[in-house]
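Worksheet: the structure to be examined is printed underneath.
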């Protein structure tokens with residue numbers, strides 16, 4: 001009797017584990033790499049594309065998003081410069 005109860009509990013536990021870990025892919029794209037390729041072709045869709053500041057824009061030691069990665073100090077303050 002105890003063995004039967006233990007087997008039933010084990011089967012219920014394994015069934016519950018399978019139900020919670022199944023992939024619910026309903027309504028999703030079959031191949032996620034294809035979705036990534038589409039995003040790479042269209043940069044407006046991609047969140048991975050970063051914008052940079054052109055030469056002449058203001059920058060600082062802590063905020064340097066210059067396209068050239070060069071932030072030089074001038075009389076008017078630090079600005080992005082050309083390489």
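Keep in mind that glycine also has a Cβ here, set from the backbone N, Cα and C atoms.
Per Swiss-Prot, the features are as follows:
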| type | residues | note |
| --- | --- | --- |
| DISULFID | 52-67 | disulfide bond |
| DISULFID | 59-71 | disulfide bond |
| DISULFID | 66-80 | disulfide bond |
| SIGNAL | 1-22 | signal peptide |
Residue 66 (disulfide bond), number of other Cβ atoms within 10 Å: 23
Nonlocal residues around residue 67 (disulfide bond), in sequence order (Cβ under 8 Å, 6 or more apart): 52, 53, 54, 55, 80
Residue 59 (disulfide bond): tally of other CB atoms within 10 A of its CB: 20
Sparsest-packed of the listed disulfide-bonded residues (52, 71, 80) - C-beta count within 10 angstroms: 52
Residue 59 (disulfide bond) to residue 66 (disulfide bond) - Cα separation in whole Å: 7
For residue 52 (disulfide bond), the three-state class that DSSP assigns: coil
